[in-house]
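Colleague: To start, I am sharing the structure in question, which I have written as structure tokens.
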Amino acid sequence: MYSDSEDESSELSTVLSMFEEKEFTRQYTVLKTLSQHGTTEVRLCSHHLTGVTVAVKALKYQRWWEPKVSEVEIMKMLSHPNIVSLLQVIETEQNIYLIMEVAQGTQLHNRVQEARCLKEDEARSIFVQLLSAIGYCHGEGVVHRDLKPDNVIVDEHGNVKIVDFGLGARFMPGQKLERLCGAFQFIPPEIFLGLPYDGPKVDIWALGVLLYYMVTGIFPFVGSTLSEISKEVLQGRYEIPYNLSKDLRSMIGLLLATNARQRPTAQDLLSHPWLQEGEKTITFHSNGDTSFPDPDIMAAMKNIGFHVQDIRESLKHRKFDETMATYNLLRAEACQDDGNYVQTKLMNPGMPPFPSVTDSGAFSLPPRRRASEPSFKVLVSSTEEHQLRQTGGTNAPFPPKKTPTMGRSQKQKRAMTAPCICLLRNTYIDTEDSSFCTSSQAEKTSSDPEKSETSTSCPLTPRGWRKWKKRIVACIQTLCCCTLPQKKCPRSVHPQK
């Protein structure tokens, strides 16, 4: 009893001390625990220089335990959009820290349980990404060997990330592996038989179990004990619901072939009819090359003390040191900013957009006019002039004007506060005699064949001209502060003499 509690306290102190080493705390701050399995723990941390959150997996460094070292080497090899990215490796005498990107989203297990089962289109989209990542791994000589719903993260947009290569292994073409590993429901027949196995064919079997689970909500081989599951797997007994499409049933049958030699490779599956129905294309390519670093990120890192040559060397040789981590974190932030750039610029609350000509809210009540202000001038912005010219809303020619921009790029348009477009006091616009026509009015007049010819150019009728003439005279009188003599009206009643 005493020894058990002593072991638990020793294990807890070991985990706590793993994240207190100076080499680690100098660069990162621990925020919270994400998961813990024995002496292996994953915590959410913050990078000091950039403030970006990362996932840190701490491993107890033991030279005799090769799988831990193998996981580090495997993560260094891989670079794929559907595989969680390794950013940095910190090695001390006692621990190994794997600094990785945070996989946003939820586990595939939770996603399936919430929906009970996924529709074929959604399952196909997820499966295509899984196949792309696994096909890439096999091309790099890496097998995962622990594919399961808990190790697949799906975000709100349906993007997939495969995590946890702790049971992964490297292999050569034709090489057989012997280590027994994996979740019971995902173990293929050859491993249950204790035979040396082909690593990629084990991943293909696991993909079949995952696909079956996504579209049905249950596992194909179930049992309360390992022996019961083993019996079902070796006999290859499972039911495929008839409500699934014929091509999907065919795909599941190929993936769950009990004979490993009959299972297709990831490359073979590319031409399967069920995958041809989807919109996503399958590629086994890696992430973008960093041989040509971004000059803006290089300049930013130089300002905080990094040397340009050190940055180039770190990226070229993939050292996974502090320099490479800082560059990749800054690049990830820049990509997110670029994705939201247009939206944030267009939705700047401090810079309201130009009001539309047909928007009644743009025409507010006119201010009180002073005697020195003319009343026959209507102000419109350059953007409104351009819109009116396109819609045929005005016939008056406007000189070309340059649109103000922000920064050096002509694509980065700067929003301007639009002037209030209003009609001044004692003036109004009549659609019958005005030269200021909106697009909706032009459409209305063009639909009438009898009036289309005259309404398109909006000519001034004699009656309208007399109105404008009186207004212009009144404005000139006000500006010049002069009055014209008025005729006295004859009185109808005269005084008697």
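Even glycines carry a Cβ here, placed using N, Cα and C.
Pasting the relevant annotations from Swiss-Prot:
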{"type": "DOMAIN", "residues": "28-275", "note": "domain 'Protein kinase'"}
{"type": "BINDING", "residues": "L34, S35, Q36, H37, G38, T39, T40, E41, V42, K57", "note": "ATP binding site"}
{"type": "ACT_SITE", "residues": "D146", "note": "active site, proton acceptor"}
{"type": "DOMAIN", "residues": "292-332", "note": "domain 'UBA'"}
{"type": "REGION", "residues": "383-410", "note": "region 'Disordered'"}
{"type": "REGION", "residues": "439-460", "note": "region 'Disordered'"}
Colleague: For L34 (ATP binding site) and D146 (active site, proton acceptor), what Cα-Cα distance in Å is obtained after rounding to a whole number?
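Modeller: Given the Cα positions, L34 (ATP binding site) is 19 Å from D146 (active site, proton acceptor).
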Colleague: Using C-alpha atoms only, work out the spacing between the residue listed as 'active site, proton acceptor' and V42 (ATP binding site) and round it to an integer in Å.
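Modeller: Given the Cα positions, the residue listed as 'active site, proton acceptor' is 18 Å from V42 (ATP binding site).
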Colleague: Taking DSSP three-state, what's Q36 (ATP binding site) in: helix, strand or coil?
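Modeller: Strand, per DSSP.
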Colleague: In the structure shown, which of the binding-site residues Q36, T40 has the fewest other Cβ atoms within 10 Å?
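Modeller: Among the binding-site residues Q36, T40, the sparsest Cβ neighbourhood within 10 Å belongs to Q36.
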Colleague: Looking at the binding-site residues L34, V42, which one has the fewest other Cβ atoms within 10 Å of its own Cβ?
Modeller: L34
Colleague: Which numbers of helix, strand and coil residues does DSSP report for the domain 'UBA' (292-332)?
Modeller: 29 helix, 0 strand, 12 coil
Colleague: List nothing but the one residue from G38, D146 whose Cβ has the fewest other Cβ atoms within 10 Å; the candidates are the recorded positions.
Modeller: G38
